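Heads up, the thing below is written out as structure tokens.
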């Protein structure tokens, strides 16, 4: 099922401090990222195969973080560590303990088949099998380390993180910049190499700042002393609004003037430093901080709690001020909602106000596990505040917002023949009494028949007092409570005559 979610964030490699990044699919692109294949086993090809999407099979009991990262290791070109050509110096394979039919998973690679890029054998690699992988019994070893490391037999087969060796090999394999790193703390700082003592020529560094989804990054340069040139051609620091080198450019800086603070539009920033001159300057120093909320000025978009769909962090206060085009209302629909439940929403909550400040009219304060009803502002502005305390954390919320259009106020009333009812984000047609919507949901046709239980009321032929339409067959069932009788009085009666069928006189009929 290629629609399943994998328990690994889109920036899994960034989390593990490599320089390899996965990006969302561009439908127009010729290259394709990995995608889930129908689950059968836990496997993937090693490296790129063909011109289409790279299939990854995540079978039963494989949908765990470490196992998925292991398979993604194959995707980027990693073989199993225990199949290296030099493995016999480090581990022993106990072949008699291997399950029948699984022997191929323990075959040793030839020297010409694999290149370890000078990295030593890594017992801690996420690509290494555990001691009893594909064993005939849980207590029977299939792989045994041959020597101790720091006085103990090394543990093998961990599936919690990329090892230092995995990261080093990935950086070499993909020729990642020699300096820079991935920064994931909610606050931090970084600087050019050797700051403030001056950087060298021909430096290339990349910092990838990644905070939890739903948050933004504010980046401040507190010191800037780079060689100044026209268009910052030689030495520069470049900031991009995203997760890779082709993300939208926010600025290229050099010289000694401090840039204005930069706020990301999402949860990631790409900062790249290059030097090509021999001019010696102090370099730069920058600090960043993760923030949630902010001013949102656009006609549609998506807002979610920090770290959604994982549990939000404790002690968060996030305020969003939404503004759509003047003359429109703000529509808000909830896609998901799970906030700590409390009778008065005293601990964790989402508060929505009809305006642009905390003093605006309160629409509602929400918590619990049921999605709130859709919300429509009375103006072009809406104010949201999310608060979490220091204890219980839940998955949070996700909402879509958009400018609300009243289709029924247009000259054609949305194409409705009789009545138009505006709804949030859409509209629907309805009909006058005695009529029903035609199949096109726009026109109205005469309606008739029904099951009536009221103690009194009236019945009319379709379209009355106009002539009834052709080809109608109407049946009314009138049901009164036990011990009651039904009295039917005709005030008007005119139908096409037919021999043998009598017409009731003006008067009453009783059951």
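Using the three backbone atoms N, Cα and C, a Cβ is placed for every residue, glycine included.
Taken from TrEMBL, the feature active site applies to 71. Secondary structure at residue 71 (active site), as computed by DSSP, is helix.
Summarising the annotation, TrEMBL assigns Zn(2+) binding site to 70, 74, 80. Cβ contacts within 10 Å of residue 74 (Zn(2+) binding site), excluding its own Cβ and spanning all protein chains shown: 19.
Under the heading domain 'Peptidase M12A', TrEMBL lists 1-177.
Annotation comment: TrEMBL describes 179-291 (among others) as domain 'CUB'.
Marked as domain 'CUB' by TrEMBL: 292-404 (among others). The average pLDDT computed for the domain 'CUB' (292-404) is 92.
Summarised by DSSP class, the composition of the domain 'EGF-like' (404-445) is 6 helix, 16 strand, 20 coil. Under the heading domain 'EGF-like', TrEMBL lists 404-445.
Annotation comment: TrEMBL describes 448-511 (among others) as domain 'CUB'.
Residue 71 (active site) sits 10 Å from residue 80 (Zn(2+) binding site), taking the C-alpha atoms as the reference points. Listed by sequence, the residues of this chain that lie at least six past the ends of the domain 'EGF-like' (404-445) yet keep a Cβ under 8 A from its Cβ atoms are 328-331, 333, 374-377, 460, 462-464, 469. Around residue 80 (Zn(2+) binding site), the same-chain residues six or more apart in sequence whose CB sits under 8 Å from its CB are 105, 127, 128, 129, listed in sequence order. Looking only at other Cβ atoms within 10 Å, the busiest spot among the recorded positions 70, 71 turns out to be 70.
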